[in-house]
Amino acid sequence: MMDEYEGKPSVKSYITLFDILVDENQLKAAMRFYKYMRSMGVQPSVVSLNVLIKALCKNDGTIGAALRIFHEMPNRGCNPDTYTYGTLINGLSRFGKICEAKELFKEMETKGCSPSVVTYTSLIHGLCRCSKIDEAMGLLEDMKIKGIEPNVFTYSSLMDGLCKDGRSSLAVKFLEIMASKWQKPNSITYSTLINGLCKEGKFLEAVEILDRMKLQGLKPDAGLYGKIIGGYCDIGKFWEAANFLDEMILGGISPSRLTWSLHVRINNMVVQCLCNNGNVDRAFQLYLSMQTRGISVDAGTFDVLLKCFCGKGNLQKATYVVDEMAKDGCIPEMGTWNALVGLFLDQRKVHEAFDLLLVELVGKIC
């Protein structure tokens, strides 16, 4: 590579070119040049190697190369520093290589490199992902002993691990600890807690966390509302579920291309739950709101609404629903259809009206 030029390049020239390759994320070229530099007896700086190691640690397939460079550094008079260890521990933890991360963590202290809050947090996050929650808690205690203050990411990682381990109540206590230290949780922190509490059926506690999130000025997304709405439906609190759906709508949380299916599912679920619980008027209000907002109504929602109106003898609304079903290409189930026919007969409506309905339905579906 350098042999094409006359004269012998200086060490500074080698290192400058190596730095450029690393900065430009040309990893393959940087690795080839690194090997060439070694053959020429030129050693890159610790800073350059740290940048290369960081780049290699971003991919599970290249982290092995990062470790090889790390192990070669002392033999070439270039000792790893705190940043080198922290970068490797972060990468190893991210890709589930927690045993190797723990070994490096122990080693760095024997080499006089003190772990930073970032290094502790990386290892805590990795331990939690591997369900080693108690070890992660032990590291938190170690941080306290050494006077290293955990940050929002440290606490969020622990909360996530605790929630996935079914210990959401303990995770909530860390929220109180954060508040006592004037640390503001972020959206991920709140989302983690709400998801964990809902998973354990603690919906009232989840609602309290949602309220705290809003008081802090953070806006919940459709996914969080969906968790709570679904939770209320699961425990039979359909009115509360509908109120949260209203709150979500009034809060301006509109469906995007990515969240469209979620909005459709949430809205249809609440309407069906209200109908099945006898709250047909409230369900019909939400159904009309869905139409106004362009939210798709599925066949199950149409069918359950129609059954409810037939059961209540409300021919006008039943006819309206059938008309909307026809526009969407939906056909009532046989039982629902029979109920509708029975409603016409019970109310002794003229055959012309019934025939008109049949003609309209068949004409729009066929």
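Here, residue 1 is simply the first one shown, and the rest follow in order.
Cβ atoms are placed via backbone N, Cα and C, with glycine included.
Heads up, TrEMBL stuff is auto-annotated, nobody curated it.
Note on the repeat 'PPR' (10-44): its mean pLDDT in the predicted model is 75. Among the features that TrEMBL reports, repeat 'PPR' is placed at 10-44 (among others).
Here TrEMBL flags 45-80 (among others) as repeat 'PPR'.
Residues or ranges marked as repeat 'PPR' by TrEMBL: 81-115 (among others). Taking Cβ pairs closer than 8 Å, the repeat 'PPR' (81-115) reaches residues 46, 49-50, 53-54, 56-58, 60, 63, 66-67, 70, 73, 122-123, 125-127, 129-130, 132, 148 in its own chain, all 6 or more past its ends.
The feature repeat 'PPR' is assigned by TrEMBL to 116-150 (among others). Sequence-distant contacts of the repeat 'PPR' (116-150) (same chain, at least 6 residues past either end, Cβ-Cβ under 8 Å): 82, 85-86, 89-90, 92-94, 96, 98, 101-102, 105, 108, 157-158, 160-162, 164-165, 167, 181.
For the repeat 'PPR' (151-185), the DSSP-based tally of helix, strand and coil residues reads 26 helix, 0 strand, 9 coil. Taken from TrEMBL, the feature repeat 'PPR' covers 151-185 (among others).
The repeat 'PPR' annotation in TrEMBL covers 186-220 (among others). Here the repeat 'PPR' (186-220) has Cβ contacts under 8 Å with residues 152, 155-156, 159-160, 162-164, 166, 168-169, 171-172, 175, 178, 227-228, 230-232, 234-235, 237, 251, 253 of the same chain, all six or more residues outside its ends.
The repeat 'PPR' annotation in TrEMBL covers 221-255 (among others). For the repeat 'PPR' (221-255), the residues of the chain that approach it from at least six positions outside its boundaries are 190-191, 194-195, 198, 201, 203, 206-207, 210, 262-267, 269-270, 273-274, 277, 279, 282, 286, 289, 293, 295, judged by C-beta separation under 8 angstroms.
Listed as Cβ neighbours of the repeat 'PPR' (263-297) (distance under 8 Å, sequence separation of 6 or more from its ends, same chain) are residues 222, 225-226, 229-230, 233, 236, 238-239, 241-242, 245, 248-249, 254-255, 304-305, 307-309, 312, 317, 324, 328. What TrEMBL lists as repeat 'PPR' is 263-297 (among others).
Taken from TrEMBL, the feature repeat 'PPR' covers 298-332 (among others).
Within the same chain, residues 117, 120-121, 124-125, 127-129, 131, 133, 136-137, 140, 143, 192-193, 195-197, 199-200, 202, 205, 209, 212-213, 216 sit at least 6 positions outside the repeat 'PPR' (151-185) and bring their C-beta atoms closer than 8 Å to a C-beta of that stretch. Mapped onto DSSP helix, strand and coil, the repeat 'PPR' (10-44) counts 26 helix, 0 strand, 9 coil.
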